[in-house]
Amino acid sequence: MSDQEAKPSTEDLGDKKEGEYIKLKVIGQDSSEIHFKVKMTTHLKKLKESYCQRQGVPMNSLRFLFEGQRIADNHTPKELGMEEEDVIEVYQEQTGGHSNV
């Protein structure tokens, strides 16, 4: 397959609308999965807000990673090279680095 976006074949035309959206899996530390369908050009802040709302936690208490890199609010799936069924990992944000013992 090539990455060229020349004239779409008839096969591609049927999938064109579907191609604007991708399904992403968001997996929490407890291995729970939530699936999201997002536009390739949507800022991932919307996905992060939606996930946090479903989990009932503030957005700043979690960090979202794609392929080991932190996802910024203004990133889009297109910018990050995301594809169908890609996985976003969610971890508790850790603050501090020492104990007071």
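A Cβ is built for glycine as well, from the same backbone N, Cα and C atoms used for every other residue.
These numbers come from a predicted model, not from an experiment.
Sequence annotations record features per position, and here Swiss-Prot assigns SUMO1 cross-link to Lys7 (among others).
Under the heading SUMO2 cross-link, Swiss-Prot lists Lys7 (among others).
Annotated SUMO2 cross-link per Swiss-Prot: Lys16 (among others), in sequence order, evidence recorded as similarity to another entry.
Annotation comment: Swiss-Prot describes Lys17 (among others) as SUMO2 cross-link.
In this structure, Lys23 (SUMO2 cross-link) is part of a beta strand by DSSP. Around the Cβ of Lys23 (SUMO2 cross-link), 12 further Cβ atoms fall within 10 Å across all displayed protein chains. The SUMO2 cross-link feature in Swiss-Prot is assigned to Lys23 (among others); the stated evidence is similarity to another entry.
Its Cβ placed at the centre, Lys25 (SUMO1 cross-link) has 13 other Cβ atoms within 10 Å. Per Swiss-Prot, SUMO1 cross-link is recorded for Lys25 (among others).
Positions annotated as SUMO2 cross-link by Swiss-Prot, on the basis of similarity to another entry: Lys37 (among others). Lys37 (SUMO2 cross-link) carries a strand DSSP state (E or B). Within the same chain, the residues at least 6 positions away from Lys37 (SUMO2 cross-link) whose Cβ sits under 8 Å from its Cβ are Tyr21, Ile22, Lys23, Leu24, listed in sequence order.
Its own atom aside, the Cβ of Lys39 (SUMO2 cross-link) has 13 Cβ atoms within 10 angstroms in the protein chains shown. Per Swiss-Prot, SUMO2 cross-link is recorded for Lys39 (among others), and the stated evidence type is similarity to another entry.
Around Lys45 (SUMO2 cross-link), taking its Cβ as the centre, 16 other Cβ atoms fall within 10 Å, counting all chains. Taken from Swiss-Prot, the feature SUMO2 cross-link covers Lys45 (among others).
Swiss-Prot lists Lys46 (among others) with the feature SUMO2 cross-link, giving similarity to another entry as the kind of evidence. In this structure, Lys46 (SUMO2 cross-link) is part of a helix by DSSP. The C-beta environment of Lys46 (SUMO2 cross-link), restricted to residues of the same chain at least 6 apart in sequence and closer than 8 Å, consists of Val38.
Annotation comment: Swiss-Prot describes Ser2 as N-acetylserine, evidence class similarity to another entry.
Positions annotated as phosphoserine by Swiss-Prot: Ser2 (among others).
Taken from Swiss-Prot, the feature phosphoserine applies to Ser9 (among others).
The phosphoserine annotation in Swiss-Prot covers Ser32 (among others). Counted within 10 Å of its Cβ, the other Cβ atoms near Ser32 (phosphoserine) come to 11, all protein chains included.
What Swiss-Prot lists as site 'Interaction with PIAS2' is Phe36. Just so you know, the Cβ of Phe36 (site 'Interaction with PIAS2') picks up 17 other Cβ atoms within 10 Å once every protein chain is counted.
Taking the C-alpha atom of Lys45 (SUMO2 cross-link) as reference, the shortest distance to any of the recorded positions Lys25, Ser32, Lys39 belongs to Lys39.
It is 10 Å from the Cα atom of Ser32 (phosphoserine) to that of Lys25 (SUMO1 cross-link).
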